[in-house]
Amino acid sequence: MAGNSLVLPIVLWGRKAPTHCISSILLTDDGGTIVTGCHDGQICLWDVSVELEVNPRALLFGHTASITCLSKACASGDKRYTVSASANGEMCLWDVNDGRCIEFTKLACTHTGIQFYQFSVGNQQEGRLLCHGHYPEILVVDATSLEVLYSLVSKISPDWISSMSIIRSQRTQEDTVVALSVTGILKVWIVTSEMSGMQDTEPIFEEESKPIYCQNCQSISFCAFTQRSLLVVCSKYWRVFDAGDYSLLCSGPSENGQTWTGGDFVSADKVIIWTENGQSYIYKLPASCLPASDSFRSDVGKAVENLIPPVQHSLLDQKDKELVICPPVTRFFYGCKEYLHKLLIQGDSSGRLNIWNIADIAEKQEADEGLKMTTCISLQEAFDKLKPCPAGIIDQLSVIPNSNEPLKVTASVYIPAHGRLVCGREDGSIIIVPATQTAIVQLLQGEHMLRRGWPPHRTLRGHRNKVTCLLYPHQVSARYDQRYLISGGVDFSVIIWDIFSGEMKHIFCVHGGEITQLLVPPENCSARVQHCICSVASDHSVGLLSLREKKCIMLASRHLFPIQVIKWRPSDDYLVVGCTDGSVYVWQMDTGALDRCAMGITAVEILNACDEAVPAAVDSLSHPAVNLKQAMTRRSLAALKNMAHHKLQTLATNLLASEASDKGNLPKYSHNSLMVQAIKTNLTDPDIHVLFFDVEALIIQLLTEEASRPNTALISPENLQKASGSSDKGGSFLTGKRAAVLFQQVKETIKENIKEHLLDEEEDEEEARRQSREDSDPEYRASKSKPLTLLEYNLTMDTAKLFMSCLHAWGLNEVLDEVCLDRLGMLKPHCTVSFGLLSRGGHMSLMLPGYNQAAGKLLHAKAEVGRKLPAAEGVGKGTYTVSRAVTTQHLLSIISLANTLMSMTNATFIGDHMKKGPTRPPRPGTPDLSKARDSPPPSSNIVQGQIKQAAAPVVSARSDADHSGSDSASPALPTCFLVNEGWSQLAAMHCVMLPDLLGLERFRPPLLEMLARRWQDRCLEVREAAQALLLAELRRIEQAGRKETIDTWAPYLPQYMDHVISPGVTAEAMQTMAAAPDASGPEAKVQEEEHDLVDDDITAGCLSSVPQMKKISTSYEERRKQATAIVLLGVIGAEFGAEIEPPKLLTRPRSSSQIPEGFGLTSGGSNYSLARHTCKALTYLLLQPPSPKLPPHSTIRRTATDLIGRGFTVWEPYMDVSAVLMGLLELCADAEKQLANITMGLPLSPAADSARSARHALSLIATARPPAFITTIAKEVHRHTALAANTQSQQSIHTTTLARAKGEILRVIEILIEKMPTDVVDLLVEVMDIIMYCLEGSLVKKKGLQECFPAICRFYMVSYYERSHRIAVGARHGSVALYDIRTGKCQTIHGHKGPITAVSFAPDGRYLATYSNTDSHISFWQMNTSLLGSIGMLNSAPQLRCIKTYQVPPVQPASPGSHNALKLARLIWTSNRNVILMAHDGKEHRFMV
């Protein structure tokens, strides 16, 4: 699933909450969210209400090692950004509102603390992150792009910094950074706002360095109340210093030998200090520490022993302590302006949060009396509170008698080709089950709730205890037999299963420990190894097990330490094993001999060499960087487990290498609409299952099926339901005998076509034997029926049903809900569905069950509104009130899918397997074949061809069988219409009506920028949904909102230089301007990903040649913002910038309200530079020659094309119309060829898509401003003909854009004649010039004008005489143009004062009659018919003379305006010398020459 597609995760958590061993805590500034990081690398977001009730909302995945620190990263109120750092140097910037990852980076050092520092530059607020950790300096990082800007360095005894604090000075502009090094030396740096401009310059040295003899410093904090004191907490004592000269004011020892882990000021005279076992003490400071008291600093200079000791004020402790694995984490937070609580928050290893509200400590409280805890909640408690319990993927099949906990799923693998999920459980059994069916049971209400053991499934029993890993090798590589499934367990065994028959083929017992991993060797190994799989066990051994020979061909087992990574060197026949102690063993695969063992740098080099040999280090066990995205692209999802739980460091090169290689190997459109991925947060946890729905793939599959569907009259849902008989208890739903016959027929048909490719003979005989037994023995059938039979269900429709039912906002419109249930066959969810959100680089946030419990009571102004909502109403509406990003994704998905289903015939989910028999004709393929339509294996193009031919016979076989049992009825048309109407209502509700139905205080509107990035999505349905949503949202926010949007995004609009566009600039010059600095380091990574991101290359053209004052940020987000600004401003300008005037009514005054500020051409001195800049950006993107950064058919270029077309009237004053039209013609010159070979259902190729957009833009421009289009093209034609006459340029003339785009130009002219005839007549001579250029002369001579271009012959002022091949055209200014097709010459005659109404040649070609209604004259011209003239010798132009002129009474038009003026009168020759002037009202005037 490429990053570009729209992928939505839905999570099935199961009853056991994920392990969350808390390692760091943060409370957001508004006090509304607690963020906790854990040792496994996940981050949890907890909502906090005003009453301090806490509810876990989401879990964020993305880090691959323990989280070491969290910090806020944004100061503005609406954005709530948090930055996290992990032990292996990763840093992520998260949006706390919705869990999106905004930016991420990886540094070669570990941070242990981050402080956010904000300062203002001019009127702009800038944010910096000051990081310290396992390195001897403080790094200053930009808070938005995560780039390291500069560092604070020590001259004197540099060392690691153990903690740091920023002291804000109210009096001067200088802020100081105070830090303590590990050795107890206090360092002071001065940070001024001038340094904000600094970047990559020389480091800043400290101002002061002073030993204060504080060993093992845990924390240092500055007193915000007095602005004068510093608290330093060390493991055995804590001290207060004067921040002015760092002299000691007071010291406190540790209580009964405990270790302090941190502290902070609670008020001017109290501090709170906490210990590693979770107790916290509040102390009152002596007067000598308080700047306000008279005895301040009275103790300075005394020895530590003689200082006045602080008095213990109170103790905070938990009553009933649980056993914890590691010390809890405690932090103190006090509020900002609007948030007054002082909270002490503690998190421990069981995922529990304890909160004390310290604000209400009474002065008189006795020291021994502890403070009551305010709130206490753990993840597991939050799970347990929910009714119904959070569902696991196969809970209904895992019930244990006399226990309320289902069996835990310990390993899973999904087989997309069959839509089956294989789950290994803790009792050793393995279950194979249809994934969509089992998910429907868990998430939706329906008839399935009444059936036990639904859906039909198969159980494999063979392991004696927990199953630890599963592998379906065929999915990773097509060289493996598609029947084999491999499982490993804690019983040391590896078993080969046949998934079709359910039998155990072989057991390997070669290891002496539980199996931890099963891997597939790379493609280029030796033939023998290619049929092996590699197993890794906890006894530190690695085996190569041959599936073909059913024996272990090599066992490498002398490793002294656990195995961390496995690499391959196929060219040398080596298997390389890396262990946790850093040693590397190199084994020969064929002989099983140990070639060498290496340590240290040699070991690292050996591992790196393997990476070079196999560019994608896919199979490293510990590939932490194998993130979601990669794992999903590879469809080998073993990789994901490592991401979740092997906290091991590998080199970042792996990431880049495998990224690069992935792009090449992936077959196009091999995506599956559904992927199920099991993830664990910790090794000991049961699997959590995430269902990834790929909206684009689902749309493609639905459309492909629709295209291949046979005639509906043959099989209608009604027939199927009548025919299919009653269902029985077994897995097979058709009654025995007929099913067998039918099955046989279907099978024969398919076997003919696919035998060589997919079916195994032996399995067939087995099949027949079983079939006969099933018929005779119902018991046997029930126990042995195949898990999924061919006639049972349609995977694509089931996926769509599950997805649409989860996305729909239930309960807002009861009538529509009824339609959805009864007519469309959707099902209501049991409880709120936990969705997820995928963001950059495969980071994802998953909603925790019950995330909306506290949603109504969040701490915002909306708190009151929230209280009044009834409790039950959360179900269904939840997702549109969560966050703007979630709303955007969900609305895009539901609208694009509803539109797709609406375009299909009778696409209802009713009548599937739960009723009796499927709605759809069966798909070709036996139950055991990978259903070709879902995911053809990369190599199966031939197979696909065979299957397509197989489709028709299969269907007829099926329908005959059905008709034999029922009278055939034609499908009822009304139902089809009603179904489509239902989908249409569903789409309309979500597109337009949601804000009103939900109420604005709860509805989170879609994000304009996310929609803008999909303005030209490659999937047309998603594209249309995004455009409809964006325009609906822009209308909803009205003029004020649009103005605000413009103000927000205008600063990001890149300022392109004007001369870039002028046609005179050579391509080379442009290339040099576009050349970017060499990408190195992190930039290289960004480019590496570029293709795979949400908006593949929308950012490509944007920064190439922008002369900006400030350093161009290479940050992905920066470039993305520029692209987004171009699109958003382009859309607002195009759609709301100006009303396109109907032609001829130019005088109509424009009301000022229609034009957003900055987009009008008003004379009132208004600033319209915005429209100019937007227009420059759009034309730049259209005309910039293709380069690696801006490929010829990129999304951003296509978007520019589209917006230039839509808003042409707004941009026209600022653009070089000629260059733009030529650019568009260039893009669609080969449109016919491109658009001819597209496959129904599949997205267009980029080239075809560009052509389609350019075509559309040309039509829009032409109809919006016909005169501009016609005159510009005519000018180009004249220029071109002049060039052609010049013999030197002859060679290139046929390759020019104009010559290649002749067909397109004619197409547009035809549209204009159809829609805007008045404008065409105004410029008829120019139009004729263009037509004459575009039509082949020889063709016109052969077929005549009427046949070559019939549209132009509609006009009475055009006449063609075939024998002399002449065309006469009457112009607006009273002249007549005569074209001679043979010579290509044109001659003009003047004879009238007003526009010419009609012209006509006499039948023998001697005379030409011309009539003008305005000056009421009809003239007859004698054509020169001398021999020389008619043959056209000497290219002599025919001499014309006017022989007669008659006065005619003028004809009155029927009604003013409209096209009547064009049809006033026509000339009809009755013989060679007689002509009739026929007026539109039927009056005739006869004339004779």
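Positions of Cβ are set from backbone N, Cα and C atoms, glycine also.
Annotated features in Swiss-Prot:
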type	residues	note
COMPBIAS	767-782	compositional bias 'Basic and acidic residues'
MOD_RES	S935	phosphoserine
MOD_RES	S1455	phosphoserine
REGION	754-783	region 'Disordered'
REGION	911-947	region 'Disordered'
REPEAT	17-56	repeat 'WD 1'
REPEAT	62-104	repeat 'WD 2'
REPEAT	156-199	repeat 'WD 3'
REPEAT	324-366	repeat 'WD 4'
REPEAT	404-443	repeat 'WD 5'
REPEAT	462-507	repeat 'WD 6'
REPEAT	558-597	repeat 'WD 7'
REPEAT	1350-1389	repeat 'WD 8'
REPEAT	1391-1431	repeat 'WD 9'
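Applying DSSP to the repeat 'WD 9' (1391-1431) sorts its residues as follows: 5 helix, 17 strand, 19 coil. Through the fold, the repeat 'WD 8' (1350-1389) approaches residues 1309-1310, 1313-1314, 1317, 1320-1325, 1327-1329, 1331-1332, 1337, 1340-1341, 1344, 1395-1401, 1405, 1408, 1410, 1412, 1415, 1421, 1423, 1430, 1432, 1435, 1437-1438, 1440, 1462-1463, 1465-1467 of its own chain, all at least 6 residues removed from its boundaries and within a Cβ separation under 8 Å. Mapped onto DSSP helix, strand and coil, the repeat 'WD 7' (558-597) counts 3 helix, 22 strand, 15 coil. If you average pLDDT over the repeat 'WD 9' (1391-1431) in this model, you get 82.
Taken through DSSP, the repeat 'WD 2' (62-104) splits into 0 helix, 23 strand, 20 coil.
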